[in-house]
Amino acid sequence: MISSIKHFPSSFTSTDFLRKKHSITRQQFSPLPIIKNVHNGFPNQSFSSQKPLHVASIENLAISNKTQQRKTECQAYEADRSRPLDINIDLPDEEARLVAAKRIKIGIYFATWWALNVVFNIYNKKVLNAFPFPWLTSTLSLAAGSLMMLISWATRVADAPKTDFEFWKTLFPVAVAHTIGHVAATVSMSKVAVSFTHIIKSGEPAFSVLVSRFLLGEAFPLPVYLSLLPIIGGCALSAVTELNFNMTGFMGAMISNLAFVFRNIFSKKGMKGNSVSGMNYYACLSMLSLLILTPFAIAVEGPQLWAVGWQKAVSQIGPNFVWWVVAQSVFYHLYNQVSYMSLDQISPLTFSIGNTMKRISVIVSSIIIFHTPVQPVNALGAAIAILGTFLYSQAKQ
């Protein structure tokens with residue numbers, strides 16, 4: 001509790017003050033300092049105290065030459081039957097703890113994102129090797145995610161988003177681009193190695209700059225353009241030296257890059273000021289993409305081909321094939337959901353760097369698991385392309 005002693009105008013001079021000051025007897029130190037005889041020392045004072053006071057500071061000890069008056073403000077606090085101790089205790093900085101907690105949270109997001117992506121790519125490739133129907137595989141991935149989120153909303157595990165017609169209208173072009181990019185990437189992985197698909201997909205920044213420059217008229221600093229050289233050169237070197245090169249697989253990865261660039265552009269334009277969380281945004285995107293993709297998947301491949309291919313896969317692999325399909329569908333949704341959730345916590349630059357590191361983990365793990373033959377020149381091209389992607393993310397900040 002802060003108390004205050006205020007001195008009202010008095011009529012003594014500075015010499016009187018000095019004389020009274022010297023006449024005050026020094027008190028012995030007491031652990032319980034009690035202010036006594038205040039009325040005797042300074043007449044006409046207004047003071048009241050029910051507890052001992054410790055004087056913290058005295059200010060404005062100035063005496064005016066014109067009025068021979070002074071005003072003194074004395075700040076004190078209640079001693080509460082004990083003398084205050086001068087102890088320096090270092091309390092934890094709340095802001096520092098919050099920053100550390102956020103970094104740990106982002107680290108968990110990244111580790112989960114990379115792990116889920118690696119698991120998805122492994123099971124996705126296993127399914128496509130035994131069941132080469134990328135359109136149905138893509139549809140099942142979107143269907144699994146949509147079903148999971150509908151159950152989450154119905155059971156109130158997650159809060160359902162509040163959307164309107166305008167939201168779905170702005171989401172539609174994003175869903176179209178997302179559908180094309182998803183199917184094209186799956187087609188690519190059904191024809192070539194997982195590592196090769198992701199090496200080509202590491203060239204997405206080059207598409208982003210070219211589309212933004214020539215279609216949107218957006219200008220970039222010189223370091224951004226220079227960073228495209230190792231990206232393009234590394235991807236080209238990997239493509240030329242790929243042992244199992246397939247044009248359909250190569251074009252699928254390139255189309256996927258272009259589609260995801262437009263997805264990002266439409267998403268930025270349509271979601272400004274929208275309050276839907278990253279998790280719910282991706283859930284709505286999956287549902288709308290599922291509606292778009294399903295009729296095309298039926299038209300391109302069809303139930304008859306699916307039935308024949310499914311029986312063949314089950315006869316060759318056994319019941320584990322069903323688990324592979326479920327795993328690749330569930331993990332596809334989970335890794336994308338975590339990536340969109342991380343966007344709520346980090347900057348686009350940090351996300352871009354994390355995406356680059358994700359591709360490295362996928363490329364390395366797929367080469368080890370599938371025993372993909374890699375020539376030294378092919379590995380060099382991949383390293384150059386990934387380095388260029390990292391330089392691009394740094395140049396664009």
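Just so you know, glycine gets a Cβ as well, placed from its N, Cα and C.
Because TrEMBL annotations are produced automatically, they should be read as predictions rather than curated entries.
Taken from TrEMBL, the feature domain 'Sugar phosphate transporter' covers 105-393.
According to TrEMBL, the feature transmembrane segment maps to 106-123 (among others).
Among the features that TrEMBL reports, transmembrane segment is placed at 135-154 (among others). For the transmembrane segment (135-154), the residues of the chain that approach it from at least six positions outside its boundaries are 124, 127-128, 160, 182-183, 186-187, 190, 280, 282-283, 286-287, 289-290, 293-294, 296-297, 300-301, 306, 325-326, 328-330, 332-333, 336-337, judged by C-beta separation under 8 angstroms.
The transmembrane segment annotation in TrEMBL covers 247-266 (among others).
For the transmembrane segment (278-297), same-chain residues at least 6 beyond its ends with a Cβ under 8 Å from one of its own Cβ atoms are 135-136, 138-139, 142-143, 145-146, 149, 158-161, 163, 167-168, 171-172, 174-176, 178-179, 182-183, 271, 333, 336-337, 340-344. Residues annotated as transmembrane segment in TrEMBL: 278-297 (among others).
The transmembrane segment feature in TrEMBL is assigned to 317-335 (among others).
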Item checked: Intrachain neighbours beyond the transmembrane segment (247-266), with Cβ under 8 angstroms and 6 or more residues off its ends -> 170, 173-174, 177-178, 180-182, 184-192, 196-197, 200-201, 203-204, 207-208, 211-212, 216, 239
